[in-house]
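Listed in TrEMBL for this protein:
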DOMAIN    1-79  domain 'Polysaccharide biosynthesis protein CapD-like'
Amino acid sequence: ITLDQGVEFVLRSLDVMVGGELFVPKIPACTVSDIAHVVAPDCEWEVLGLRPGEKVHEVLIPEDEARNVLEFDDHFVIQPIQSFWGNKIGILGGVSCSPGFRYASNCNCETFTSEQLTSLLAEYLPANRRESE
């Protein structure tokens with residue numbers, strides 16, 4: 001997600017939020033090795049394995065939240081468990097997610113292609129790499 005896309009998502013979320021809910025954008029996933037291949041395709045690199053505290057996959061919506069999640073075209077909303085703002089739960093629209101649903105980098109999402117990553121990271125690539133694409 002680019003800075004501009006992030007700002008746009010926050011502004012749209014602020015416009016429709018009721019209070020207490022969490023907004024989660026639907027964004028493509030990628031791996032660190034995918035990024036490394038795009039940024040430095042000719043470099044040698046070594047896989048060290050997981051270090052303490054590192055995760056293999058990012059979980060944005062865990063299974064135990066599924067009952068509170070509404071799905072929209074380009075995002076999810078995790079509603080608060082208690083409707084401290086009155087009986088407004090569900091007024092946002094959306095479709096309830098099935099029990100056991102989870103949204104993580106290894107499931108339920110699309111992944112970036114090499115071309116999409118190159119385009120997204122273009123301003124950070126060396127000039128000769130940008131010109132060859």
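Cβ coordinates come from backbone N, Cα and C, glycine included.
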Average the pLDDT scores across the domain 'Polysaccharide biosynthesis protein CapD-like' (1-79) and report the rounded value. 89
Within the domain 'Polysaccharide biosynthesis protein CapD-like' (1-79), how many residues are helix, strand or coil going by DSSP? 28 helix, 15 strand, 36 coil
